[in-house]
Amino acid sequence: MNPNQNNEAARRVGPPRYTNQVQQRLNEMWAKQSKEIEEMTDFKNHSLPLNKIKKIMKLDEDVRKISSEAPAVFAKACEMFIQDLTTRAWANAEDNYRRTLKKVDIEATFSTTISESFKRADRGSEALIVLIENTMDILPLGRTKRIMKSDKDEKIKVTIETPSILAKACEMFIKDLTARAWANAEDNNRTTIATEDVASAISNNHEFDFLADVLPIDEHLPTTPAAPAEKAPGNPNNSPNAGQCKKQ
């Protein structure tokens, strides 16, 4: 078989050949991120500007107010989002014997890792790339590129369009999480997106699981009383309604 055909097949199907190495890199990245989050004391200065993130969040016309903490959470989330996708895309580049990250590597990553909430049912990863490329830049590309190249042992090279694609993917990510958080705020008769709304959006959607390190969900979700345990048969205090919770 032609070597080019081999490369094309590797790019189309399954994970890269370097699965163990990729997973090790991801584990190391998440470990470092978790440590940084634990030691974080400055909630105003981030790799991405908070005013830009707040601007993206407010593109949703339904959103009225945003708490001061929410953009900071989103900024750190975007940083992790970019680093995770870059690591996976770099694995695809290596699998195709290249030392430069290209648009096709981002596309391959989208097809396997981006949740369906970022895609319409009739769109594939290629159509998603087209959609991203035809939106305006809001997040700064220079900062996006610096995040992409952080924590890489290799001197990673990227084509000119890749930072723009990831920056715009982050904008879609912010919009998606904002919409979910706003829905939770409305359900609770509030007009401001608060930290607990972001926590709810994360806990109810598995694609945001990686944000659990950014925002300790258990600390921000409203607590509800546990249902009483059903009593054993024959207990004189047992009743037909034991163990039921009244819905609010």
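Positions of Cβ are set from backbone N, Cα and C atoms, glycine also.
These figures come from a predicted structure and were not determined experimentally.
TrEMBL lists 222-248 with the feature compositional bias 'Low complexity'. Annotation source TrEMBL lists domain 'Transcription factor CBF/NF-Y/archaeal histone' at 47-107, 139-202. Sequence annotations record features per position, and here TrEMBL assigns region 'Disordered' to 221-248.
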Legend entry - Arithmetic mean of per-residue pLDDT over the domain 'Transcription factor CBF/NF-Y/archaeal histone' (139-202): 84
Inset, instruction - Could you put numbers on the helix, strand and coil content of the domain 'Transcription factor CBF/NF-Y/archaeal histone' (139-202), residue by residue per DSSP? - result: 42 helix, 4 strand, 18 coil
